[in-house]
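**Q** OK, TrEMBL features for this one:
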BINDING   D103, D388  Mg(2+) binding site
ACT_SITE  D103  active site, nucleophile
BINDING   D105  GMP binding site
ACT_SITE  D105  active site, proton donor
Amino acid sequence: MVLSFVLLLVNLHIKFLICYQWFIHIDHLLIDLVQSVTSCLTVLLKAGHAFSLKFHRSNLLKCDSAWEKIVLIPPGACHLLNSSTVYANNEVNLDEVDIYGFDYDYTLALYSNALNPLIYNTARTFLIEHFKYPEAIRKYDYIPNFAVRGLHYDIQKGLLMKIDAFHYIQPGTVYRGLSPVPDEEVLQLYGGTYHVPLQQDSGFYGKGPKVKQFMDIFSIPEMTLMAVANDFFITNDIEYDPLHLFKDVSEAIGMVHLKGYMYKWIMQDLDKFILRGEETDAVLHRLVSHGKKLFLITNSPFSFVDKGMTHMVGKNWRDFFDVVIVQADKPHFFTDCIKPFRRLDGNGDLRWEKINSLDKGQIYKQGNLFDFLRLTGWRGSKVLYFGDHLYSDLADLMLRHGWRTGAIVPELEQETRVVSTSRYALNLTWLQALTGLMERLQVHRDPESVQILQEWQKEREELRVMTKNMFNPHFGSIFRTCHNPTYFSRRLCRFSDIYMASLSCLLNYDLTYTFYPRRTPLQHEAPLWMDQLCTGCRKTPFLEEMSQIR
């Protein structure tokens, strides 16, 4: 009888904990109800019935199905989550934006994952044939889902890891080679803490003295090759210098790009490697038809960009852009004022002449942002620039020049698919509810209560691992480390006004639309507003039009 009553109270407590933040403003009686249920639990604990609270997530499934749909699964974790949504970190009124700028790779042109094994295999060959690494490394094939973007690499220790917004390593996400490093060993390696000091952490552009952050989508095969090379020396008990290995692998990956292999692969099979070209075409048509000015600044060469844009948009693609700049050498393009602009002729050959204006229909090479601003007069928040690399594309533009910035994060599609599943919603709901119960009941120090709290703590850790593994079994979500945002998320919020899975998400909105960031309560604030619903659950204005294109 006591057990049934306790389970009833716990289920009610969990349900009202979850719905509390959604409905608090409707009826303050709910507060009293939550407090009453908590008080009952406290009395039961103090009365020595703590052992009766040994319940698990399976008890939640005994709840009435209607209650589960209405209360147990919070509205933000639902099947309505839409990966074609534009998410706002800062308020942006598109009606005030007159000029749209774009990077090319992974912005105008999205690439399929078929590119990653080619980059990996070619760099592995360079490592063996050019740097004379053991031939046995060739037996290591590419591992498609090993690494995720935004990871940190300790260059001197040879460790790949995920770090949160507060510079703490997430336990269970440290790898030496292809093997996880036990948490106890991680603590020993870092002086008894999971914290990575600021002076060791990656610098402003993700390249610190001892730790590098991999922010580029192209870096996923690089991280995999780094792990594979480390793993070979470790498993074969061969001494090696992790610092030199890091430099060799980085150079081998760089050779793939510098020697033009990637460009050649894509140009040989555009249909295989370029995704959603018709959506890029639709975005450009829409912007130009509304009188917007467009420009392109990319590090890629003209011949490569020309072939890809012709494939996606047509041979007259340059008519869409007021300014086109190739081989810009970002991020130096945004910070240096040394390199002058050069004009290319129709064949892509360099013309040696002074550039006094940036004219429509022409192709320019190199240059710098300061001359760009002087020649165009495009300044401030009337400019919105899109790119996939938070450091090379967006950071300087937002912090130094006041441009609006939009981050392209293709991983959002997979992440929102996971978040939309019932399994994830149930795990996360129980995790949050369990945390809330532990927070309220930790003050009880009798042996039975301590035992229950220890069991809850163990189950909470199990839930964290289960939730992490739903995104990636090695490193989890690119946006979260347990309950904290990742270092990647922190940079995403800092350097982008808006972010989305692809440029085509813009097709969901009118060009006078204002993006409003969700006002989520700070830790010291009460959740007294209804704007807690996930932005992705809102119906986007032009979703039906979008579906006709996709």
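These residue numbers are counts, starting from 1, taken along the chain as shown.
Here the Cβ of each residue, glycine as well, is placed from N, Cα and C on the backbone.
Caution: TrEMBL annotation is automatic and unverified by curators.
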**Q** Determine, to the nearest whole angstrom, how far the Cα atom of D105 (GMP binding site) is from the Cα atom of D388 (Mg(2+) binding site).
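**A** The Cα atom of D105 (GMP binding site) is 8 Å away from the Cα atom of D388 (Mg(2+) binding site).
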**Q** Identify, in sequence order, the residues in the chain of D103 (Mg(2+) binding site) that are 6 or more apart from it along the sequence and have a CB within less than 8 Å of its CB; answer 'none' if there are none.
**A** L296, I297, T298, K330, Y385, F386, G387, D388, H389, D393, I408
**Q** For D388 (Mg(2+) binding site), just count the other CB atoms lying within 10 A of its CB, please.
**A** 23
**Q** What is the number of other Cβ atoms found within 10 Å of the Cβ of D105 (GMP binding site)?
**A** 22
